[in-house]
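**Student:** The domain '2Fe-2S ferredoxin-type' feature in TrEMBL is assigned to 2-83. Sequence annotations record features per position, and here TrEMBL assigns domain '4Fe-4S His(Cys)3-ligated-type' to 83-122. Among the features that TrEMBL reports, domain '4Fe-4S ferredoxin-type' is placed at 141-171, 184-213.
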Amino acid sequence: MPKVYINDHEFEASEKDTVLTAVQKFGGYIPTLCYMNLKDINIENKPSSCRVCMVEIEGRRTLAPACTTPVFEGMKVKTHSRMAVEARRTAVQLLLSDHPQDCLKCPKNGDCELQKIASELNIVNNPYLGKTSNYDLDISAAIIRDPNKCIMCRRCETMCNEFQTVGVLSAIDRGFGAVVKPSFDMPLEETTCTFCGQCVAVCPTGALVERSYIDEVWKELENEEKHVVVQTAPAVRVALAEEFGYEPGTISTGKLVGALKLMGFDKVFDTNFGADLTIMEEATEFKERLENGGFLPMLTSCCPGWVKFIEHQFPDGSLSNMVDRID
Ligand code: SF4
Ligand code: SF4
Ligand code: FES
């Protein structure tokens, strides 16, 4: 077990620790942007590209990125030396030098990791001004891509390629023109994207955001001539509870229905009933296939993204034949 010194405090790290993980276990803080470690699903992204985690290590000529530098016996780390903090400020200023300064109308305002780090580092001016990117927005039914806000952290690419195995997003071009996009610069809607939203969930900036229909909904709710109904999917009652700080898995059906009624919906329907009917239909089809020598195994999902995944990724029919489609 290597003994390290974090800001002069002795700490026993593990052989596998990087400076970042050792400092986190010690209870310290080093800002990160490109680094992502989703332990539950065993996904790690550490391209070491943002350089906002720079630290000073005694005896080393240059600063080191904490996220990829392994610890060693006797290592002496300064997480907040003047030189390290100045390097972080410079890294963030350089990122901001090619970033639209439109926080007030950005969908990620208040929930943006770049904004948070810029604020932590007290960045109120930027000496690095010059050429800026000018990409078109890619607006699909579910996701809005704004490559002008991409900081090349590659988290989305890791999720799309390694976790979802869809492979829609990757870094293209070099130098100033480098950006993460679908191949041939295609709009997302023309790719094999399943709109799972995993890339949106991990993007630290407003480069990938969910398309919001909130204004349209409020407009209809205010229309007294209109009878407005809402139908919620089974997962929403759990996801919403988690968003409001309840234990993962907490069911918030009552609160959800109450809130929707307060907002002004005339009727609230639950997809659970439809889901039950789907399961009955699937069971019937499975029984029929089993009894009559049909194609097995039978794969089934009511998620259109999942069906799209099978159709695009296994177009030869090897898996498509197994799919039970209820449109
Ligand atoms: S789109 Fe978002 S997640 Fe993907 S590389 Fe750019 S900033 Fe990172
Ligand atoms: S939404 Fe599309 S681009 Fe994003 S991770 Fe899912 S499949 Fe990939
Ligand atoms: S978080 Fe370490 S280089 Fe980006």
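Each Cβ is built from the backbone N, Cα and C atoms, and glycine gets one as well.
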**Student:** Mean pLDDT over the domain '4Fe-4S ferredoxin-type' (184-213): what is the value?
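**Tutor:** Over the domain '4Fe-4S ferredoxin-type' (184-213), the predicted model scores a mean pLDDT of 96.
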**Student:** Within the same chain, where does the domain '4Fe-4S ferredoxin-type' (184-213) have neighbours whose Cβ lies under 8 angstroms from its own Cβ atoms, ignoring anything closer than 6 residues to its ends? I mean 6 or more beyond.
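**Tutor:** Cβ under 8 Å, 6 or more out: 33, 36, 38, 99, 106-109, 112-114, 138-151, 153, 155-160, 163-164, 166-169, 172, 305-306, 308-309, 312-313.
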